[in-house]
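Engineer: Have a look at this one before I ask anything.
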Amino acid sequence: MGITRDSRHKRSATGAKRAQYRKKRKFELGRQPSNTRIGPKRIHEVRVRGGNKKFRALRLDSGNFSWGSEGVSKKTRIIQVAYHPSNNELVRTNTLTKSAIVQIDAAPFRVWYETHYGILMGSKGKKATATPTPKSKHVQRKHSARLGDSKVDSALETQFAAGRLYAVVSSRPGQSGRCDGYILEGEELHFYLRRMAPKK
């Protein structure tokens with residue numbers, strides 16, 4: 001028996017069993033979940049209805065994540081699954097799905113921030129390098145003009161100090177073969193931090 005997406009096999013609202021009036025159809029088929037794990041990239045191509053292709057990611061270790069408030073995206077390493085709104089089992093097994101909260105490597109975003117603003121991440125207005133390399137006046141003007149926008153949320157700053165950022169997966173790894181998403185910040189970050197805090 002194959003996996004099917006029909007509702008004829010379900011009982012009615014009153015609890016009555018429905019009579020079977022036809023067999024399963026090809027257009028109702030479903031497939032096993034991909035259960036994408038963290039590891040060296042392994043993607044299977046699946047031929048689907050209409051001759052189209054789906055890309056079933058079985059293992060992924062990186063993805064493109066965007067930092068919304070700064071308007072920048074970087075490819076970065078996925079470290080682990082920290083929280084999942086639907087199932088704790090997916091956290092325990094490090095399964096990547098859409099809307100999973102993952103920890104990603106902060107290094108690419110830190111490097112971008114320090115070159116863009118010319119200040120060290122987590123240092124109140126200090127210059128970027130311990131051994132100052134001479135910068136052209138043009139670069140200095142650019143950095144000083146950008147300084148007003150360099151404010152980072154304190155919760156995000158502590159994550160940068162630890163080298164790991166919380167992000168949400170917004171793509172569907174079992175369908176598109178990619179694990180892309182965005183960094184959590186603001187109200188959304190505080191909401192998930194409360195959810196992940198150990199219960200007393």
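Note: Cβ is positioned from N, Cα and C throughout, glycine not excepted.
The compositional bias 'Basic residues' feature in Swiss-Prot is assigned to 135-145. What Swiss-Prot lists as phosphoserine is Ser62, Ser99, Ser150, Ser154, Ser171, and the listing cites experimental evidence. According to Swiss-Prot, the feature region 'Disordered' maps to 1-41, 124-145.
So where do these features actually land, and what's packed around them?
Structural biologist: DSSP gives Ser62 (phosphoserine) a strand state. Sequence-distant neighbours of Ser62 (phosphoserine) (same chain, 6+ apart, CB under 8 A from its CB) are Lys41, Lys75, Thr76, Arg77, Ile78, Cys179.
Counting every protein chain shown, 13 other Cβ atoms lie within 10 Å of the Cβ of Ser99 (phosphoserine).
Under DSSP, Ser154 (phosphoserine) is assigned to a helix (H, G or I) in the three-state scheme.
Counting Cβ atoms from all protein chains shown, Ser171 (phosphoserine) has 18 others lying within 10 Å of its own Cβ.
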Engineer: Tell me the coarse DSSP state (helix, strand, coil) of Ser171 (phosphoserine).
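Structural biologist: Ser171 (phosphoserine) sits in coil per DSSP, no helix or strand.
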Engineer: Using the alpha carbons only, what distance in Å do you get between Ser99 (phosphoserine) and Ser171 (phosphoserine) once rounded?
Structural biologist: 8
Engineer: Please state whether DSSP places Ser99 (phosphoserine) in a helix, a strand or coil.
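Structural biologist: Coil, per DSSP.
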Engineer: Please work out the helix, strand and coil residue numbers for the region 'Disordered' (1-41) from the DSSP assignment.
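Structural biologist: Across the region 'Disordered' (1-41), the residues distribute as 3 helix, 5 strand, 33 coil.
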